[in-house]
Amino acid sequence: MALCTRLTSSLRPPLAALRQAALGQHRGLSTPPGQGHTLDFRGIFPPLATPFSPTQEVDYAQLEGNLHRYASIPFRGLVVLGSNGEYPYLAHRERLDVVSCVRRALPRDCLLLAGSGCESTQATIELTVSMAEAGADVALVVTPCYYRGSMTSTALVQHYTEVADASPIPVVLYSVPANTGLDLPLEAVLTLAQHPNIVGIKDSGGDITRMGLMVHKTRQEDFQVLVGSASFLLASYALGASGGVCALANVLGAPLCQLDHLCREGRWQEARDLQHRLIEPNTAITRQFGIPGLKKAMEWFGYYGGPCRAPLAPLSPAEVEKLRSTFSTNGWL
């Protein structure tokens, strides 16, 4: 943990300056989403990949290195222990250590969202409290899914209500049906949006109509919609989403922040051209090749990707070549 302590002083000034610049850009919006909200989620959040050593231990030195490299990019905040952080493969102590390490590296105005969702309500509450103690600003709570056939709207509303009642920090719902096989029902989202400690949702399902309805139906609540993919960032922004938690930001963080800026400036043609170039790379490192593809792409852009934790396997040489071709043909390599 000493590595992260040393990182604090070196990262704090540049990140603070970047944050002020980013907030200044956001104030220039003609119709800024998020006004009146207790938290401002406008901007891009990379869901950090967890670096592992060749022996598959969490590598805090490489985490330090990646954070140094991300310091030049005006992210609104960071997400740890999401799907791209391989959180199901981390032990309880490792999860808390990652949160503590990253929090000490960041200025207070840089939001830190931490995944704390477990299968049981009791375990989720306990981990959420621990995440808050470790320094998380917001708990990102994925839908419990092992008994998905019993996860009715009523059951999920009860689960999230109990978690939010007990959580010392705000809660963001997390719907990622590609991983859980369960889409958090719209009626449950609208009910939960009324809870004073539930402040938003990260929706990775890709249903733009659903996202538009969420924004529309919760406009009187302290509730914001975060886009869970770079592939439909522009479309979601056009319907009023606040920000994006995008795996591709681990690789192409600056272009995604530029897309965010173009949308907020109303420069839609430029935004559309940039969005088009991001769709195939994003699909490649999410749906097609997953976390092994994400980590391989990170290495081409100067970050540490490294191995995944077993049983996730590395890409084959043919898959690596196909992934590289996807980035090259869209002008990124």
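Just so you know, glycine gets a Cβ as well, placed from its N, Cα and C.
Listed in TrEMBL for this protein:
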{"type": "ACT_SITE", "residues": "Y174", "note": "active site, proton donor/acceptor"}
{"type": "ACT_SITE", "residues": "K202", "note": "active site, schiff-base intermediate with substrate"}
{"type": "BINDING", "residues": "V245", "note": "pyruvate binding site"}
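Here the features listed in TrEMBL are placed on the structure.
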residue : record                                               : Cβ neighbours (10 Å)
Y174    : active site, proton donor/acceptor                   : 28
K202    : active site, schiff-base intermediate with substrate : 28
V245    : pyruvate binding site                                : 29
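Counting only the Cα atoms, the space from Y174 (active site, proton donor/acceptor) to K202 (active site, schiff-base intermediate with substrate) is about 5 angstrom.
With respect to their backbone Cα atoms, K202 (active site, schiff-base intermediate with substrate) and V245 (pyruvate binding site) stand 7 Å from each other.
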